[in-house]
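Quick look at what TrEMBL lists:
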| type | residues | note |
| --- | --- | --- |
| BINDING | S23, N24, N25, K190 | substrate binding site |
| BINDING | D215 | Mg(2+) binding site |
Amino acid sequence: MVVVVVVVVVVVVSKKKNLIFVSNNSTKARDQYIEKLAGLGIHGVELEQIINSCYSTAIYINEVLQLDKAKKIWVLGQEGITKEVEKFGYETVTFKDLEAKFQEEELTVDNIQSLIDPQVGCVIVGLDFQVTYLKIAITQQYLFDRKIPFIATNIDSTFPFGKTKLPGAGSIVEVASFCSGREPDAICGKPQSGMMDSILSHHSLNKETTIMVGDRLNTDMKFGSVNGIDTLLVLTGIEVEESVANGHSDVTYYADKLGDLYDLTK
């Protein structure tokens with residue numbers, strides 16, 4: 001399957017089509033995506049061709065919120081978020097930073113107020129593989145201050161993992177939202193329009209000749225649909241043909257696999 005995908009990408013590029021990789025994954029920075037694609041045999045991808053939810057989040061904070069650079073950002077998530085945000089000149093605060101700062105103390109909810117940084121002016125919540133009660137509690141304390149923006153990288157409930165599914169960023173966002181009594185002020189992943197704004201900041205798209213290819217109805221296909229772009233659903237992810245065989249408002253075309261595109265180019 002990987003070989004076929006690589007061939008499809010090579011064919012698309014050879015036909016001088018502008019290829020953009022769009023992902024809700026906030027665990028990796030864009031340069032890490034380039035390394036991952038190279039490992040799959042897809043070479044020559046430029047940084048501007050990678051638009052993921054942590055980069056979209058960083059753009060939102062810098063260009064829409066225009067957050068004061070003197071303010072710090074509390075991040076509940078993986079290093080992909082901190083890397084992209086810090087490229088815009090912001091200082092982030094994570095649980096690892098607290099562990100380094102309070103080396104001689106055991107970090108518990110008993111001393112939670114001492115863990116709160118008064119300079120934090122924004123909260124980002126994404127997928128965190130090491131999420132704990134204390135991390136959630138710290139996030140909650142910041143969100144009790146309604147003046148602090150609450151930004152979610154994305155709200156995917158799950159993501160595919162082999163033959164099963166695991167909790168996605170949306171599961172963590174829901175916990176932070178429920179315990180703080182707040183909804184996110186912005187959601188920066190698919191299908192929200194903020195992701196498209198991030199794409200348009202680098203690329204001039206003719207929507208009539210653009211197609212969104214993906215394997216999820218509620219993110220990939222919805223993203224294309226709400227932004228006026230044709231969509232192609234590939235049935236290699238969590239969706240089944242029965243969902244679209246009789247038509248679906250967000251799906252223009254569907255195929256069993258991405259390799260079917262290669263067959264059309266012959």
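Just so it is clear, glycine is given a Cβ too, placed from its N, Cα and C backbone atoms.
Counting other CB atoms no more than 10 Å from each candidate's CB, the binding-site residues S23, N24, N25 peak at N24. Excluding S23, N24, N25, K190, which define the substrate site, the same chain contributes V22, S26, N52, S53, N154, D156, G189, T219 within 8 Å (Cβ to the Cβ centroid), listed in sequence order. Largest Cα to Cα distance within the recorded substrate binders S23, N24, N25, K190: about 10 Å as a whole number. In the three-state DSSP scheme, N25 (substrate binding site) is classed as coil. Counted within 10 Å of its Cβ, the other Cβ atoms near D215 (Mg(2+) binding site) come to 18, all protein chains included.
Put simply, N24 (substrate binding site) is 12 Å from D215 (Mg(2+) binding site) when counted between their Cα atoms.
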